[in-house]
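Notes follow once the structure below has been shown.
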Amino acid sequence: LSGLMLSVSCLQPSCFGYPLSIFFIITNEFCERFSYYGMRAVLVLYFKYFLQWDDNLSTAIYHTFVALCYLTPILGALIADSWLGKFKTIVSLSIVYTIGQAVMSVSSINDLTDHNRDGSPDNVSVHIALSMTGLILIALGTGGIKPCVSAFGGDQFEDDQEKQRTRFFSIFYLSINAGSLLSTIITPILRAQECGIHSKQRCYPLAFGVPAALMAVALVVFIIGSRMYKKVQPQGNIMTQVAKCIGFAIKNRFRHRSKEFPKREHWLDWASEKYDKRLIAQTKMVLKVLFLYIPLPMFWALFDQQGSRWTLQATTMDGNFGAIQIQPDQMQTVNPILIILMVPVVDGLVYPLIKKCKINFTPLRKITVGMFLASLAFVAAALVQVQIDKTLPVFPAAGQSQIKVINLGTDNATVWFEPQIQSVNVTSMESTAYMTFETSQLLSFKVTSGNKITTQLTKLSEESRYTLRVKNNATDIVAELLFDNVTSKPEEGNNLIRFINNLPDTINITMGDTSFGTLASLSASNYNLFPGGREYKITAIINSMPCSVTSKALGFGSAYTIVINKCSGESLDVTYSEDIPPNTVHMAWQIPQYFILTCAEVVFSVTGLEFSYSQAPSNMKAVLQAGWLLTVAVGNIIVLIVAGASKLSEQWAEYVLFAALLLAVCIIFAVMAYFYTYIDPNEIEAQLDEEEKQVKKDQDIYEKQVEADSHM
């Protein structure tokens, strides 16, 4: 660990002009951010695929968790400043955090309740209870230490180390991005592995376990540096004073609401009976900025959907990038990569060019542009979703059934669906697409092939798919309906495969490591799941003789019926019938929406904090930090409200709705920004200093005068 190595090499309280303690703090922050973002990257897919929640519930719980993570920093700041101090708060809540990550990892162990060893948990409620407990502990931990760690790092510097302190914050935020980027790449890879004691599943225990281990490392590293830290005693929280000042002003104004009391210039001036002029003036400045924060949550409502809706969108796309197979949750890495690239480009090239063009690109205008760009990113996401929807299969609705025909014979065949609904011609060794029928209207089907004919009555179930196997034998026509137990697209980019034996002999089939068992002539196997983007060896044992072939490269999210036709030498002849088409829209099409949203983040987030700090007094920065984090929390709550209330069945329509809402809020913010007057807090505080000096001077003159009068 960097802190330990430097302590050995330097053996002094400072190293390269920096306090040695900050190396422990930076290492701690890197590990903690790796832990948080690594866990969060796979969270929505854990809800969807392990807990078997639908997209809406998965999204709702994800955003509830994120909102909680941004509400708890206020609690952490109060505990640190008013009770335990920063060091004890970080240690205490890091222990809570580590326990939460460990509980999360345990909750994802499939074998915990899989008593019948069928590959799925027997008691999902246990896993849900453990997951929710873990997430609450993580939210308390990560949120609680968020306002403390950077401030604790700043406390390690002396007053004359302003340059080193500034550089520390740059390195500190670099460690946040490094932890976020690495974890978002690594944990989806860990999740994609297969592990388990009795049955192999996606390895969520490892994907959550590694972040838990990193959090334990973060805690240990932080404690190791304990003796080197400069620990500032808690001195009370400025947020508490501001809240009390506002509360007293409102209460006092309510008490003096009758017309006999003269109005005051500002409603906060009603706090002057109890609080000094400086605190009231500072609170006015802060409230002026906080008022501008009111529209900002809508930006975060869109921004944080990268980890929910956009990740779920990626599950229906093709992640094959040639030599690399990208997991849906890895697409989130595009954001931190682009951030690292975009920040220097925007600061060093874009802003200077705008300045050269003599455009007054004020901070509030930058924030407005950021909101507009985020709205544009969701329009791009909606356009991608429209293309995805075109590739999705249409499954039978209520009152409907679907049938496809596979001709297993050497002669062409014609099938009539009675009474006089439609007919279809099927070439030898070919298959049709699924045809949709009203279940109650389809009573029978008639098949002709060569000079033979057969008719069969049908009794179909609603909302079901069937495959009609047709073969013209030497003596008759075989026509049998096969129930296709698939009414949704395979998830996580997996493929469903089944076999039909078109040989006269009974055969035993394996594909890869999966055995399909023994198949009699013209019988079909059940579907089995196979990961996408690979080729598999298909082996058929015919009369004790192996015959094999390598499958074609399977796509992602498809289903195939593979027909075993004949064995020539040791080579197997097969044909493929596509039951569900693979994902054809490439994940690369998500890059434009990520790029636009990252541009939005650069001009919105960085500028927002910079503007806030420039418009408020130095001792009020904690209040603004709390307000900023609160906008993120409220933004995630907005996702819950809008997604729950909209009742839109189409995902692209929800994206357009969010884009429209942010555009409307953007216009409101632009109007608010137009009427905003920029202030210089230093100038106002200098005036207050002068007034206080004058009051003190007048007080001294008055006291001297009183003393002189008493001697007369």
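Backbone N, Cα and C atoms are what each Cβ position is placed from, and that goes for glycine too.
Predicted, not measured: the structure shown is a model, and the values here were computed from it.
Here's what TrEMBL has on this protein:
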type: TRANSMEM; residues: 6-27; note: transmembrane segment
type: TRANSMEM; residues: 34-51; note: transmembrane segment
type: TRANSMEM; residues: 57-80; note: transmembrane segment
type: TRANSMEM; residues: 87-104; note: transmembrane segment
type: TRANSMEM; residues: 124-145; note: transmembrane segment
type: TRANSMEM; residues: 166-186; note: transmembrane segment
type: TRANSMEM; residues: 206-225; note: transmembrane segment
type: TRANSMEM; residues: 285-303; note: transmembrane segment
type: TRANSMEM; residues: 337-354; note: transmembrane segment
type: TRANSMEM; residues: 366-386; note: transmembrane segment
type: TRANSMEM; residues: 622-643; note: transmembrane segment
type: TRANSMEM; residues: 655-676; note: transmembrane segment
Leading stretch by Cβ pairs under 8 Å, where the reference is the transmembrane segment (166-186) and the options are 34-51, 57-80, 206-225, 337-354, 655-676: 34-51
Interface-richest range of 87-104, 124-145, 206-225, 655-676 toward the transmembrane segment (34-51), CB pairs under 8 Å: 206-225
Interface present between the transmembrane segment (57-80) and the transmembrane segment (655-676) (three or more C-beta pairs under 8 A): no
Sequence-remote partners of the transmembrane segment (87-104) [C-beta within less than 8 Å, at least six residues beyond its ends]: 32, 35, 39, 76, 79-80, 130-131, 133-142, 144-145, 148-149, 152, 208, 211-212, 215-216, 218-219, 222-223, 226, 229, 231
For the transmembrane segment (285-303), sequence-distant contacts whose Cβ falls under 8 Å of one of its Cβ atoms, 6 or more beyond its ends: 242, 246, 268, 364, 367, 370-371, 374-375, 377-378, 597, 600-601, 604, 608, 611-612, 615-617, 620, 623-624, 627-628, 630-639, 642, 658-659, 661-662, 665-666, 668-669, 672-673, 676, 679, 681, 684
Non-local residues, at least 6 beyond the ends, that sit with Cβ under 8 Å of the transmembrane segment (206-225): 1, 3-4, 20-21, 23-25, 27-32, 34-36, 38-39, 42, 46, 90-91, 94-95, 97-98, 101-102, 104-105, 107-108, 183, 186-188, 190-191, 193, 195
